[in-house]
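Over in Swiss-Prot, the protein carries these features:
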type: BINDING; residues: Trp77, Ser83, Glu96, Arg216; note: chlorophyll a 1 binding site
type: BINDING; residues: Arg101, Ile150, Leu179; note: chlorophyll b 2 binding site
type: BINDING; residues: His243, Ala252; note: chlorophyll a 6 binding site
type: MOD_RES; residues: Arg34; note: N2-acetylarginine
type: MOD_RES; residues: Thr36; note: phosphothreonine
Amino acid sequence: MAAASSMALSSPSLAGKAVKLGPSAPEVGRVSMRKTVTKQVSSGSPWYGPDRVKYLGPFSGEPPSYLTGEFPGDYGWDTAGLSADPETFAKNRELEVIHSRWAMLGALGCVFPELLSRNGVKFGEAVWFKAGSQIFSEGGLDYLGNPSLIHAQSILAIWATQVILMGAVEGYRIAGGPLGEVTDPIYPGGSFDPLGLADDPEAFAELKVKELKNGRLAMFSMFGFFVQAIVTGKGPLENLADHLAGPVNNNAWAYATNFVPGK
């Protein structure tokens, strides 16, 4: 194969002509994934490039060759090799960003109503999972505890509404906006950036890192809220207050021992 290539390139018919060899399949995937990213990051950024911050600091060791520090949130850690395939990495990167955004909104929605309720604001059920479960009650669910606002009695109607509304927004984003001009579905900009946060490339690059760091924390927080709801039947702020009042008796280990057989 190498000999044939050498013979072809040395052919007199090709003399003086530039010959471009096609990239390999992995390179094609990597190129297609990088087309959607505008990289204008300062070489001195601590979050990008080979000298970026690593997951264990100076004890991190050499990161995998495919983790070059090009994308936000890359700390050089990929034990499972999830980023080795360029196409899989591109898909997972988009999924992580989208789930991070939903998790941040969800965590705020779980904590804020309970915080208001604990400070005297009355608007119905404040605990996030109890508020949603009211849809199954005989009287249905009044948004913000006000019957003059949206009154819901059918979980199927809510499900259909969410599918339509969320599907429309996601379709708009993936399709590139009304004119199909958006080149990056993860960071579409335009009408999705009314404050112009992406106008400065260096500031935007740092905001991408902040978004992922907070989004990853929010995903772990939401998982914790789910576990708390199942184990204690209380909201996150009530669980926090119980722990601060009696940390010895109100902690993860104490609740875990309740599930020990024979206890």
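All residue numbers here begin at 1 and follow the chain in the order shown.
Cβ atoms here come from the backbone N, Cα and C positions, even for glycine.
Structure with Swiss-Prot features highlighted.
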residue	record	contacts (Cβ under 8 Å, 6+ apart)
Trp77	chlorophyll a 1 binding site	Lys54, Tyr55, Leu56, Ser60, Pro63
Ser83	chlorophyll a 1 binding site	Pro64, Tyr66, Leu67, Phe89, Asn92
Glu96	chlorophyll a 1 binding site	Gly73, Leu212, Gly215, Arg216
Arg101	chlorophyll b 2 binding site	Glu211, Gly215
Ile150	chlorophyll b 2 binding site	Asp142, Tyr143
His243	chlorophyll a 6 binding site	Asn250, Asn251
Ala252	chlorophyll a 6 binding site	none
For Arg216 (chlorophyll a 1 binding site), what is the secondary structure state per DSSP, taken as helix, strand or coil? helix
Under DSSP, is Ala252 (chlorophyll a 6 binding site) part of a helix or a strand, or is it coil? helix
What span in Å does the chlorophyll a 1 site cover, taken as the longest CA to CA distance among Trp77, Ser83, Glu96, Arg216? 17
Collapsed DSSP category at Ser83 (chlorophyll a 1 binding site): coil
